[in-house]
Amino acid sequence: MPDTTRLRTLLTVLRPHRRTMLLGLVLGLAANGVALATPLVTKWVLDTFDDGVDLTGPVAALAGLLVVGAAIGLWQWILMGTLAERIVLDARTSIIRRYFQARVLDLQRRPTGELVTRVTSDTGLLHEASGSLVGLINAGVGLIGTLILMAVLDLTLLGCTLAAVVVVSLLMSWLLPRIGVAQTAAQEAVGRLGAHLEGSLRAIRTVKASRAETRQSDQIIGAARDAAAHSVRAAKISATVWTISWSGINLSVIVILAVGAWRAHQGLLEVSTLVAFLLYVFQLMGPISELTQNLTALQAGIAAAGRINELESIGLEPPSEPREPHDPARSADAAPVLVLRGVTARYGPDAKPAVNGIDLEIPRRGHTAIVGPSGAGKTTLFSLLLRFLEPEHGRILLDGRPYSEWTHDQVRARLAYVEQETPVVPGDIADNLRFTHPDASDEELRAVLAAVRLDGLDTTANATDVSGGQRQRIALARALLRTPDVLLLDEATAQVDGLTEAAVQDCIRERAAVGAVVTIAHRLSTVLDADRIVVLEDGRVRTQGTHAELYATDDLYRRLVEALRIAADPAVA
Ligand SMILES: Nc1ncnc2c1ncn2[C@@H]1O[C@H](COP(=O)(O)OP(=O)(O)OP(=O)(O)O)[C@@H](O)[C@H]1O
């Protein structure tokens, strides 16, 4: 991304705060004015001292300047510090909201850890950058103001100073862009570090069982080393710029002292003027170091803004505009609740269709089981029903109305989904059960826990402290709270205990008596229990019917059932 685009992104982030920045700038300029006046007032004190007149006025002016300067400086510091925090918070808020409005597949395409570092680490860099524009203008004005006042005091001495300023400026324009490059590289390494670390911690059991701890940690530490190496490079360049600037100014102080002393000796310059001039030379260090620091911060901010801007490429789900609410009375009881007509979908423009011309009706009541070989499109079908993925061709209808006439929210409010992996969300078991319906009463929680045979489970326990089977039943209980119209259940492939299997079975049966249940069936008992079975193959509906019909007529179905039978009862093998 070109630097101008990144800079524009940074400016977009800063724009809402322009008023505060303007106030910061005004305060900065006022502080600058006070600082610029101080040497002249000092000269006035010295001159008055020489003349032997009453010193009260000049000294009071000098003291007043110091107090006012300190007060303005303090105000500006707090103002800009608060602004910086607000800008970081705004950036974090907008990214977090964007993540949760994003299309599921767009989000899942990126490593989670990388997405996390954009919120935690990249936004942090905006902190320094937020004040940098104000700082740069302030420092520029301070620099020019100092040079003008130096010109007023003595042109010859100004010549010596300018030589140092020119050398320092050239050096900065050469070295500063390199700091930006190093910082971008460091941030990218931090992103890789986050992605790798998150993935490895998530798979910690596999990592340990594979005795891959050292290999994994070495790889992750490699990313950390990269980040450190790039940051060290940035630090070295900063240090070089800083040291050479300091030395240049120090050298010019010595030259100015020598030239000034000689000129004072010749009677061409008053000693008080030399003192004031030297004070300006020391003050010059302020704007110069401010310029260096702010340019460095700006480079870091531009790098961060660039990385934050990349998140714009994450596609969002269309916003949910309130439309005509669902009227259950209007939907004919006999009509299917969900209908797919010629639905084709793919995961990328060049990918082959994951489902192809699917025609399917889900009756308002009863259990429909989806079976098919791996990669047949079962999960894709669920993603389409849940609107994680949009069809390329064809339509999906809910209560006879196409999905396009419902909001994402309205569709999802009618469905309950139990994932195969059955993840628990952060919090205790009660939080997990109330995840879809936060207002559910304790009574309701007890009822669904009883339904999945987890009565007596301590709902205040941490949700991660439960067994795999319990986790599946908690996920099912969450889906059963407040009776959904359609229960979508992606059955776990892992073997579960008999009690869990029986509990799941009973729940499916009870739900199917009053509503629609669609399962991606991985268990023989689920298939045998279904009212209707849909066989998917290569993204198409191969056939559908009851177990008896399909077993008699379809080979693929027979083979799938045999495989499940062997899995269910290894003794058969
Ligand atoms: N996120 C994805 N990105 C790209 N392609 C995908 C993605 N998910 C699935 N596919 C592809 O879409 C096709 C259908 O996959 P899907 O996951 O729907 O199959 P499935 O029947 O659920 O398989 P399994 O039983 O193994 O879970 C496969 O060819 C798969 O490679």
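We count from 1, first residue shown onward.
Glycine is no exception: its Cβ is also placed from the backbone N, Cα and C atoms.
Noted in TrEMBL for the protein shown:
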TRANSMEM  21-41  transmembrane segment
DOMAIN    22-300  domain 'ABC transmembrane type-1'
TRANSMEM  61-84  transmembrane segment
TRANSMEM  133-150  transmembrane segment
TRANSMEM  156-176  transmembrane segment
TRANSMEM  241-262  transmembrane segment
DOMAIN    338-563  domain 'ABC transporter'
Same-chain residues at least 6 beyond the ends of the transmembrane segment (133-150) whose Cβ lies under 8 Å from its Cβ atoms: 14, 21, 24-25, 28-29, 31-33, 35-36, 39-40, 80, 157-158, 161-162, 165, 277, 280-281, 283-284, 286-288, 290-291, 293-295, 297-298
Close approaches to the transmembrane segment (61-84) from elsewhere in its chain (Cβ under 8 angstroms; 6 or more beyond its ends): 17, 20-21, 23-24, 27-28, 30-31, 34-35, 37-38, 41-42, 44-45, 126-128, 130-131, 134
Positions whose Cβ lies under 8 angstroms from the transmembrane segment (21-41), at least six residues beyond its ends: 14, 58, 61-62, 65-66, 68-69, 72-73, 75-76, 79-80, 83, 131, 133-135, 137-138, 141-142, 145-146, 149, 275-277, 279-280, 283, 286
Mean of pLDDT values spanning the domain 'ABC transporter' (338-563): 89
